[in-house]
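Chemist: After the structure tokens below, expect a handful of questions from me.
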Amino acid sequence: MLGILLYCRPGFENDCANELQDKATALEVFGFVKTKRNSGYVFYQCYDPQQVEYLLEKLDYKQLIFARQLIAVKAFINDLPLDDRISPILEITRNLPLGGDLYVETPEGDDTKPLLTFCRKFTVPLRQALRKHNSLTAKENRNKIFYHLCFLDNKSAYIGFSVPHNRSEFYMGIPRLRSPSEAPSRSTLKLDEAIQVFLTAEEQQERLHSGMRAVDLGACPGGWTYQLVRRGLFVTAIDNGAMAQSLMDTGQVTHYTVDGFKYEPERKNIDWLVCDMIEKPKRVAKLMGQWLIDGWCKEAIFNFKLPMKKRYQEASEDIKILTDMFEKEDLQYELQAKQLYHDREEITLHVRLIGNHWGKQLGNG
């Protein structure tokens, strides 16, 4: 084994690398980073090859903010013969455990986008060859490792694997979503992606369903509200701006022209709080934390707008504000933070209080 490969948003390689380096150092797995600006990936080569699988086991994909995918790299080939790329790959994968599927990919970098067509065409013959050599299951099996072949050019590629329950299930780590024509803004895709990334299909059925109540802070014109309405929730939209009339016509939306930082709900039994306000992240962190601590909501999805520099440092500080608030109140919580595909200079968080109680108002709503 060589090291760990992460995909990330182009331009955020340093943030992704700093995060990975911090976590590897904390685990006493030492190595060095290989990447370049706008490449869309980070490779961490371990000094001790025996520690790669240990690092993979200890890293939690859900807790990596800037990573789109988490891959353990078996080998790097930079001289694949153009007339027979498959044979060298089969030689490497025969020493890997049985795989459940294959992703032939390329990072979302400026230099590699032209390779996507080749990757798709190469997938079928390589998958057939792997199955013929009993390296892949006859049908896709998501409980097995997935093989990843990450091309940097037409003859150079990382070869490795991801493990079940500790990876993105999406090709290239990117969910393919279509912007609904009736949505008031393209920001709707951010919440749609967040829901799919943070909650399983079963969790969505249990905790995000018709009849529930939500509050959308900074709702105008309604991109995030739309995602809640289409799932059958009743939404209180908070914004000094105007909401799309199409949403108001559903009868599921109540709009108040109030500052999101000053609004207090009359009913304290809100299932979901969502927030995409353009505001300093530390201020948003304190607001979200207080809503949860006071029992005004059960779960929240919200964004932190990041600065142009030291984004990993800023994100870490903002998340610590939240965790410190919860720990001071002795509250148990689940927290995930991800830079989603549809995020720009921002990250999206999901927070849920758990245990026998949530917030101060349980039973009083």
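Every residue, even glycine, has its Cβ placed from backbone N, Cα and C.
From Swiss-Prot, for reference:
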type: BINDING; residues: Ser187, Cys220, Pro221, Gly222, Gly223, Asp239, Asp259, Asp276; note: S-adenosyl-L-methionine binding site
type: ACT_SITE; residues: Lys305; note: active site, proton acceptor
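What does the local environment look like for each feature on the list?
Modeler: Remark: Ser187 (S-adenosyl-L-methionine binding site) has Gly223, Trp224, Asp276 as non-local neighbours, by Cβ distance under 8 Å and separation of at least 6 in sequence.
Secondary structure from DSSP puts Lys305 (active site, proton acceptor) in a beta strand. Cβ neighbour count for Lys305 (active site, proton acceptor) (all protein chains, 10 Å cutoff from its Cβ): 17.
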Chemist: Rounded to a whole angstrom, what is the C-alpha distance between Lys305 (active site, proton acceptor) and Cys220 (S-adenosyl-L-methionine binding site)?
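Modeler: So the alpha carbons of Lys305 (active site, proton acceptor) and Cys220 (S-adenosyl-L-methionine binding site) sit roughly 17 Å from each other.
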Chemist: On the Cα atoms of Ser187, Cys220, Pro221, Gly222, Gly223, Asp239, Asp259, Asp276, which are listed as binding S-adenosyl-L-methionine, what is the maximum pairwise distance in Å?
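Modeler: Farthest-apart Cα atoms in Ser187, Cys220, Pro221, Gly222, Gly223, Asp239, Asp259, Asp276 are separated by 20 Å.
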